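A short write-up of the structure that comes next.
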Amino acid sequence: MAEAAAGMAWPLPAALCPVANFCFYSSMYLSSLTLAALSVQRYLGVAFPLRLQGRRRPGRVLALTAVIWLLACGHCSVVFVAEFTRTGSYGQGGNGSGAAGGVGEPTVSGG
């Protein structure tokens, strides 16, 4: 909200940018994966009611939830890797993609 209020310019410290992106995208992944797991559980409960009746255990639910959290947070941790790689290469005169002279950045001509 702070970015939108500031005319789409990031007014907060630079370290909070990847944290905000991580929270935004991980919440989307977590909700989607949790709904998918719930849908699979409901389907199996309807398709195989007698076979799955005695297999409901809280430990399995907690394990699946932990796997979903690790999967979503691990996938979204790419935001941090990309941010720190980009920041590290800016200090060397690059634009994060390995090429010199990014947008708004002067190219260095040397000889």
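In case you wondered, yes, glycine gets a Cβ from its N, Cα and C as well.
In TrEMBL, annotation is done automatically, which means it is predicted and not curated.
Summarising the annotation, TrEMBL assigns domain 'G-protein coupled receptors family 1 profile' to 1-72. As annotated by TrEMBL, transmembrane segment applies to 19-40, 61-82. Feature annotation from TrEMBL assigns region 'Disordered' to 90-111.
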For the domain 'G-protein coupled receptors family 1 profile' (1-72), the number of residues DSSP places in helix, strand and coil:
54 helix, 0 strand, 18 coil
If you average the pLDDT over the domain 'G-protein coupled receptors family 1 profile' (1-72), what number do you get?
88
